[in-house]
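Peer 1: Provided herewith is a single structure, encoded as structure tokens, for subsequent inquiry.
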Amino acid sequence: MANISSIHILFLVFITSGIAVMATDFTLRNNCPTTVWAGTLAGQGPKLGDGGFELTPGASRQLTAPAGWSGRFWARTGCNFDASGNGRCVTGDCGGLRCNGGGVPPVTLAEFTLVGDGGKDFYDVSLVDGYNVKLGIRPSGGSGDCKYAGCVSDLNAACPDMLKVMDQNNVVACKSACERFNTDQYCCRGANDKPETCPPTDYSRIFKNACPDAYSYAYDDETSTFTCTGANYEITFCP
């Protein structure tokens, strides 16, 4: 065990070198009237919550991520798993109860990069992969802009017919134009791989008008990326 002097020296090293070791708590809450299954995927850092778990109506679960973590969260709907966690979901499927990758589009995403440039957290709600449920991100205890980010409109109700995903005569998700048409124009690739050559489309404007604070397409950064320093975050499905 380290003695008091060595602990004091270690503390001074962290302070004088400007290193802040902080963990961030995420609280995932289900306000939907039906059960959802949260999915998690890390781009950098450890897998959180074993990759996925069930949230009954009104339930919540807290996950803790280290500084430097990046990744995404989403809700899966219409899932059916056996005792071993094998099965599938109608929306947001990721290979089992504990996700083996990202959710199959269309799916609403909460995206984070913790302690990025300037020590800030970067976060957003993205509809780039389409939409399945309402979603909100609320920071707490941080400093800086720390604004609420979310898509709180029912895009399934406003989804154009050609983008609808149906299950048993119900609209369960709304595809992005990129997912539906798979062209450079809608996917911002090839000759359209820059903001100057990939402007908003009629389809992305439908998403943006419904959810002004969410990413509606790949280059929708200006009004859709939010920052906060030293915060914890509540991610609510169906806020």
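Cβ atoms here come from the backbone N, Cα and C positions, even for glycine.
What Swiss-Prot shows for this protein is this:
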DISULFID  CYS32-CYS238  disulfide bond
DISULFID  CYS79-CYS89  disulfide bond
DISULFID  CYS94-CYS99  disulfide bond
DISULFID  CYS146-CYS228  disulfide bond
DISULFID  CYS151-CYS211  disulfide bond
DISULFID  CYS159-CYS174  disulfide bond
DISULFID  CYS178-CYS187  disulfide bond
DISULFID  CYS188-CYS198  disulfide bond
SIGNAL    1-23  signal peptide
Peer 1: Among CYS99, CYS187, all listed as disulfide-bonded residues, which has the most CB atoms within 10 Å of its CB?
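Peer 2: Neighbour-count leader: CYS99.
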Peer 1: Within 10 Å of CYS198 (disulfide bond) (Cα to Cα), which of the disulfide-bonded residues CYS89, CYS99, CYS187 do you find?
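Peer 2: Checking Cα-Cα distances against CYS198 (disulfide bond), the disulfide-bonded residues within 10 Å turn out to be CYS187.
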Peer 1: Other than its own, how many Cβ atoms are within 10 Å of the Cβ belonging to CYS174 (disulfide bond)?
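Peer 2: Step by step: centre on the Cβ of CYS174 (disulfide bond), count other Cβ atoms within 10 Å, giving 27.
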Peer 1: Distance check, please: Cα of CYS187 (disulfide bond) against Cα of CYS99 (disulfide bond), rounded to an integer number of angstrom.
Peer 2: 25
Peer 1: For CYS174 (disulfide bond), what is the secondary structure by DSSP, using just helix, strand and coil?
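Peer 2: The residue in question, CYS174 (disulfide bond), is strand (DSSP, three-state).
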Peer 1: For CYS228 (disulfide bond), identify the closest of the disulfide-bonded residues CYS32, CYS151, CYS159, CYS178, judging by Cα separation.
Peer 2: CYS151
Peer 1: Does anything in the same chain, at least 6 positions from CYS32 (disulfide bond), have a Cβ under 8 Å from its Cβ, and if so what?
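Peer 2: For CYS32 (disulfide bond), the qualifying residues are PRO57, ALA75, VAL133, PHE237, CYS238.
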Peer 1: Counting across all protein chains present, how many other Cβ atoms fall within 10 Å of the Cβ of CYS79 (disulfide bond)?
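Peer 2: A count of 21.
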Peer 1: How big is the gap, in Å, between the Cα of CYS99 (disulfide bond) and that of CYS146 (disulfide bond), rounded to a whole number?
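Peer 2: Counting only the Cα atoms, the answer is 29 Å.
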Peer 1: Distance check, please: Cα of CYS174 (disulfide bond) against Cα of CYS151 (disulfide bond), rounded to an integer number of angstrom.
Peer 2: 13
